[in-house]
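Please read the structure below before turning to the comments.
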Amino acid sequence: MNIDVVLLLEQNPILLIFVVLAIGLSFGKIRFGSFQLGNSIGVLITSLIMGHLGFSFTPEALTIGFMLFIYCVGIEAGPNFFGIFFRDGKHYLILSLVVLITATWIAYFGGYYLNLDYGLAAGMMAGALTSTPVLVGAQDALNSGLAAVPRHMDLSLILDNVSVGYAMAYLIGLISMIMFAKLLPKLQKQNLSDSAQQIAQERGLGSQRKVYLPIIRAYRVGPELINWIDGRNLRELGIYRQTGCYIERIRRHGILAHPDGDAILQEGDEIALVGFPDSHARLDPSFRNGKEVFDRNLLDLRISEEEIVVKSDSIAGKRLSDLNLSEYGCFLNRVVRAQIEMPMDLDIVLAKGDVLQVSGEKSKVKGLADKIGFISVHSQMADLLAFCSFFILGILFGLVTMTFGQVSFSLGNAVGLLLSGITLGFLRANHPTFGYVPQGALNMVKDLGLAIFMVGIGLNAGSKMFQHLSEVGVQVIGLAFLVSVVPVVFAYLVGAYILKMNRALLFGAIIGARTCAPAMDVVNEYAKSTIPALGYAGTYAIANILMTLTGTIFILLS
């Protein structure tokens, strides 16, 4: 049996998609020292080669890819978008606008000066910013008819130009951003790790520690401890401040009880202490030496670890220190915002949608969750009805046409799906039983949508890529470098000398404005801290939204 592989792939577009994906994802795992190509570059290079060999791609599959991607971007941004936009994100909004306005200005006038074909500059800008949302916005504006097609040009030719520009500039944008993250910190007077340490000191940020579940140990109260207590009740003693442990139970004369703040320990009491292993190890000898007891009932406590989503209006906007976790007998392990783990900063301002990983006795963790929000649903079942319904609403919203005199205007699929995704994400953050999609499932849909979209871009661009490289390759690559680097340098100057931002936060914010996650690892390494993640999370959500709008606006201006 003879199988013509080329004919098989040409006649089976779905098979072609997954063959390119498999090869590209494998290629993306290749490392050059500490640098890894990554999934996007691997898939893009593979699809460009396949496109150059003559393989093509159906526009419908390309469309569903970018629709799923941009919709999931909206869902992820939803919980934090409004908080950043309306409350304390002034600096982050300014930096995002500086990057995008500068990039748009350079790309527009650079494309005009170089007389680039229609659509090529838009794709080049998207690639130089390593921003798929910019590309999505530009292509959707063309497909939806929002942007007029010149009479002498065909729509498919313009879309090919957009794809070619993106493919030519993407690698330039990624490498230049990583190099920026490596070089610019070295050019500062102040070391980046010193900037991070300064924020840590100003905000009472302790050193990062390993996270363990609390453990329970039981001790008998002896004469030494009674002398130390000196008649004070538990509230006056401040056991947690002294030891880092909570007293969960007391057995007195054979009776188990949960103590309140007015309780006074007596000699012979057996107490159950809950705390991290390090806290138990640091206990004063009057607590532990020769006094540990094993009492099955006293130790029978259910320690749980839950992810609590901030929802309460009375909590959002307050500092982490205002939670007074010691009153609830709970331990904070992590703070996650927009899928970025934040430093354990007691002065960080909480926002709706923030996830606090908390451990402690089960009933107390539940009590804390009832106060600040809700426990994240630990379910593998997604609310597909809500997911599909808002997807439909996004498409319908993008089809609505508004007329102003002689001018008709519609948002298009990209903006419509982005807005519906933001709405679903926002509602999910405020209503725990509505619209739940496991984060793993959301990541898979988003990554698969992006990968399919990249396959389509590469296959469509591959057939003309080398022709454009020989004709305008040097000009496009040079312009892409300027679009990638100049806005970042300008944003740095604005942030450092006008906004007076801390350098560690500033670098994270600039990378968030560029939505370039690989560069984030480089900055964290130089800062020897995760503090730059505070800035990254601040700009990431708003930048993703603005980039989609930028792609649409740019193609309208061209």
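From the backbone N, Cα and C atoms, a Cβ is placed for every residue, glycine too.
Within the set 37-57, 121-141, 142-162, the record from Swiss-Prot flags 37-57 under the feature transmembrane segment. Across 5-25, 164-184, 537-557, the stretch most heavily in contact with the transmembrane segment (476-496), judged by Cβ pairs under 8 Å, is 164-184. Packing against the transmembrane segment (92-112) from elsewhere in the chain are residues 84-85, 120-122, 124-125, 128-129, 479, 482-483, 486-488, 490-491, 494-495, 499, 506, 509-510, 512-514, 535, 538-539, 542-543, 546-547, 550, 553-554, 557-558: each is 6 or more residues past its ends and has a CB under 8 Å from a CB in it.
Taking H, G and I as helix, E and B as strand and the rest as coil, DSSP gives the domain 'RCK C-terminal 1' (203-290) the counts 25 helix, 22 strand, 41 coil. Here the transmembrane segment (164-184) does not lie next to the transmembrane segment (5-25) in space: the count of CB pairs under 8 Å, restricted to residues six or more apart, is fewer than 3.
Most Cβ pairs within less than 8 Å of the transmembrane segment (37-57), among stretches 5-25, 384-404, 441-461, 537-557, belong to 441-461. Secondary structure by DSSP for the domain 'RCK C-terminal 2' (291-374): 19 helix, 32 strand, 33 coil.
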